[in-house]
Amino acid sequence: MQEGNQTYVKEFILLGITVSGGTQYILFILLLVTYTLTLTANLSIIMLVWSNASLHKPMYIFLGNLSFVEIWYTTSTVPKMLSGLLSRINSISFKGCFIQFYFFFSSGATEHFLLSFMGYDRYLAICHPLHYNVLMSTKKCWFLSAFSWIGSYLWALFPIILISKLPFCGPNKINHYLCDPGPLLELSCVRNYSTEVIFTVYIALFVFSNSFFTFISYAFIIRTILRIPSASGRRKAFSTCASHLIVVSIFFGCIMYMYIRPSGNHPFPLDKVVTVFYTVVTPLLNPVIYTLRNKEVLQVVKKMIRL
């Protein structure tokens with residue numbers, strides 16, 4: 001497409017993860033196995049929650065939603081990364097790039113909302129146990145889950161529109177394995193700092209508001225746990241939310257590093273490693289952490305194995 005004497009790009013080239021020789025095939029097998037395990041583990045949690053009446057509780061409804069969004073999240077990036085490892089040139093159309101960007105961002109935003117609401121759910125369960133069933137009813141849980149999905153997919157429209165309106169007239173090589181805003185902003189032929197500031201502030205407000213809400217919930221939880229007189233009581237109370245705290249710390253930490261920092265030249269090799277961690281590794285770790293540290297889920301699994 002041309003406008004005046006300027007030619008606009010129709011596709012981007014994803015440079016992906018730089019490896020040499022036969023290493024790319026080892027990396028392909030490793031990522032394929034991880035992706036397959038991620039799909040299997042998260043689908044298993046969804047089926048467990050769906051098929052067992054004992055797990056039809058707010059905590060596990062949120063967990064089922066989290067597993068579903070992890071499938072979307074990892075599927076928006078990993079298949080393209082796998083094809084890139086086997087292709088000489090890993091190209092993606094202009095529209096395809098921003099479609100990937102949209103689903104990647106909206107899925108990440110959904111996970112932010114869900115993790116925040118899961119923290120709030122644990123706060124109510126530990127700090128207000130006598131009123132928990134009233135404060136967090138099944139109806140309210142489904143409403144918060146629906147809000148997480150609808151709100152995030154609406155929220156993600158603004159950064160997509162903002163960046164897609166920038167002029168891209170070349171070069172078209174993205175130094176990443178996915179269409180991420182940082183490399184895309186650097187490819188714009190007109191460096192628009194106001195756009196970069198608006199984007200950073202928009203992301204920062206979203207991430208900090210969710211993380212603040214989550215950590216306030218845990219501040220109250222820790223205060224309540226410390227007031228429990230017996231050591232066994234404190235351990236039991238903390239064990240119910242320790243797994244969630246691990247997931248939150250990993251996910252929020254990676255997102256803050258990647259998207260809430262000044263614009264400019266960033267260490268792309270390190271960025272790729274961090275991105276692999278929260279797009280490939282974390283979606284696999286989440287079901288493992290939640291199931292291994294949750295006695296109720298383990299009991300349901302053991303019953304199913306005996307059958």
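Backbone N, Cα and C atoms are what each Cβ position is placed from, and that goes for glycine too.
Check TrEMBL against the ranges 41-61, 272-292 and you find transmembrane segment recorded for 272-292. Checked against TrEMBL, the range among 77-98, 99-120 recorded as transmembrane segment is 99-120. Model confidence over the domain 'G-protein coupled receptors family 1 profile' (41-290) is summarised by a mean pLDDT of 87.
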